[in-house]
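Undergrad: Have a look at the structure that comes next, please.
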Amino acid sequence: MGDFNLALVIVAIVVCILVFLFNIYLLINYQHPDDANQAYFPKFVVVLGLSIAAISILMLPADVANRQACRHAIYNGACNLTLPMKDLWLAIYIADAVLVFFVIPFAMFYYEGDQDKTIGKRIKSALCWVVTTAIVCALLLGILYGLAGKADFTVRHLSSANAPFPNSFNFNSGQQCINGTRQCSAYSANASSETTWTMRATFPEYVVALATIVGSVLFTIFGGVGIACLPLGLIFSFIRRPKAVITRSQYIKEATELGKKAKELKKAADALHQEERSGSKGRKWRKNVKAVEKEVLLLEEDVKALEEMYPQGEKAETAWAMTVLGYLAKLILGVLGLIVSVAWVAHIVIYLLIDPPLSSFLNEVFIKLDDVWGLLGTAAFAFFCFYLLLSVIAGAMMLGLKLVFITIHPMKWGATLMNSFLFNVGLILLCSISVIQFCATAFAYYAQATAAQEIFGHNLQSLRGIKYLYKYNVFQIGFIVLAGLTFVYYAAFGWRRKKPSGRFQLSS
């Protein structure tokens, strides 16, 4: 058992190092050239935030492995020699909350501050916003914890009599106790034996619970939409792909139109910048900024589509072949993603919404994969968790393009500004708590008797005011409803080449 624990510690350390290095690679390749050799603090926050989000998701498989480390031990204190997973969970999620509500907002306020101001003034302005936010959050947390920071557990009073030790025990559904006249079965006990046991939750657990609720609302909205639009977006992108190369005259015509739109956008952006410098940053100004940002993103998409339809240079034929292969890859990934999405939706309905569950479904799949090879089920479990996070990002992007009040922050290879990085990292961190809680509930059979189950299962779902959201499956039902509506939307309109207002579509 000691060798197993040592191996688990070594694997955990190696995985953390690999995650950290991979996030540095993402930062280097996704960052905008304007941020090269500067904005070091926001970059550190991005790498730290992505690492914590990835490690938090990988901790649930590690929690399962840690539970197995003392499963076959012959003495009671064996589990005390394993990793302190409960303390690690709380440390990870307290760090998550600090990053989301304090560090990332400070980094964004500092990065987006007026470049004409000195560094000291930008830091002072960012600190004012963050300190104000911290005071408000601390007051709210203190008041809520004082008023409702208790967990109510429903328990039953059961008892059984003493009896001489028999030669054999003949227990059955009708005789569940040594003395059948006593009440010792929770299934057959009277309703009067049920009572409520109240205890004060620890403050760290309460902070994690409230952060989970905030994340669950975002996860339900963005994840429900994203789990459908992620695979269907790829599939319908293949359906709407360019079928052939356009002529040079068509290319010149489209490029001229896009150039005119680009000039109009530049004028609008310059006008907004003048308004910002003059200090007139009202609600209308912010609305216009978001509209211009979306127009720029859509214009960039049309420029990319035009370049695909008319490849240039000495390797034009190769470029066109790669474009065709790229769309075929989208189709394959879309089909595979659709299978995963359908499996997720089916599992939620079969295992979570129907009481009693019809089947443990994916739980059994992971267990059987573990029987084939020790880490196969763990890898499949981690994949399903990461897929939910990808769905959240996809849903946020889709709703950002459709709804004016949602700010979009696209991630582009070699062209992502730090404020977009920070926004998406904050979204990932906030939703990662909910993803873990959601997975701990959805895969309760696979992850039973773990520290995550204790934190996100029993304690979280027994807190006053919060427990009813889980008792009546509010988040799961909302997730399924939004996923179903998005499936219907794509089935009805996804195959069309849409021309929404404001988008600079190609006339061909």
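Cβ coordinates are placed from backbone N, Cα and C, and glycine is handled just like the others.
Found this in TrEMBL, in case it helps:
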- 248-309: coiled coil (COILED)
- 6-28: transmembrane segment (TRANSMEM)
- 40-60: transmembrane segment (TRANSMEM)
- 90-111: transmembrane segment (TRANSMEM)
- 123-148: transmembrane segment (TRANSMEM)
- 206-239: transmembrane segment (TRANSMEM)
- 331-354: transmembrane segment (TRANSMEM)
- 374-401: transmembrane segment (TRANSMEM)
- 421-446: transmembrane segment (TRANSMEM)
- 474-493: transmembrane segment (TRANSMEM)
Undergrad: Residues of the same chain, at least six outside the transmembrane segment (331-354), with any C-beta under 8 angstroms of its C-beta?
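TA: Same-chain contacts beyond the ends: 227-228, 230-235, 237-238, 360-363, 384, 387-388, 391, 441-442, 473, 476-477, 479-480, 483.
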Undergrad: Kindly say whether the transmembrane segment (40-60) and the transmembrane segment (474-493) touch, using the definition of 3 or more Cβ pairs under 8 Å where each pair is 6 or more positions apart.
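TA: Between the transmembrane segment (474-493) and the transmembrane segment (40-60), which are separate recorded stretches, there is no contact, as judged by 3 or more close Cβ pairs.
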Undergrad: Using a Cβ distance cut-off of under 8 Å, indicate which of 6-28, 206-239, 474-493 has the most pairs with the transmembrane segment (374-401).
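TA: It is 206-239, which has the most Cβ pairs under 8 Å.
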Undergrad: Looking only at residues six or more beyond either end of the transmembrane segment (206-239), which have a C-beta under 8 A from one in the stretch?
TA: 90, 93-94, 96-97, 100, 141, 144-145, 149, 327-328, 330-331, 333-338, 340-341, 344-345, 388, 390-396, 398-399, 427, 430-435, 437-438, 455-456, 459-460, 463, 466, 469, 475, 478-484, 486-487, 490, 494-495
Undergrad: By Cβ distance under 8 Å, which residues at least 6 away from the ends of the transmembrane segment (6-28) in the same chain are close to it?
TA: 43, 46-47, 50-51, 54-55, 58, 62, 65-66, 69, 82-83, 421
Undergrad: For the coiled coil (248-309), report the average pLDDT of the model, please.
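TA: When the pLDDT values over the coiled coil (248-309) are averaged, the result is 81.
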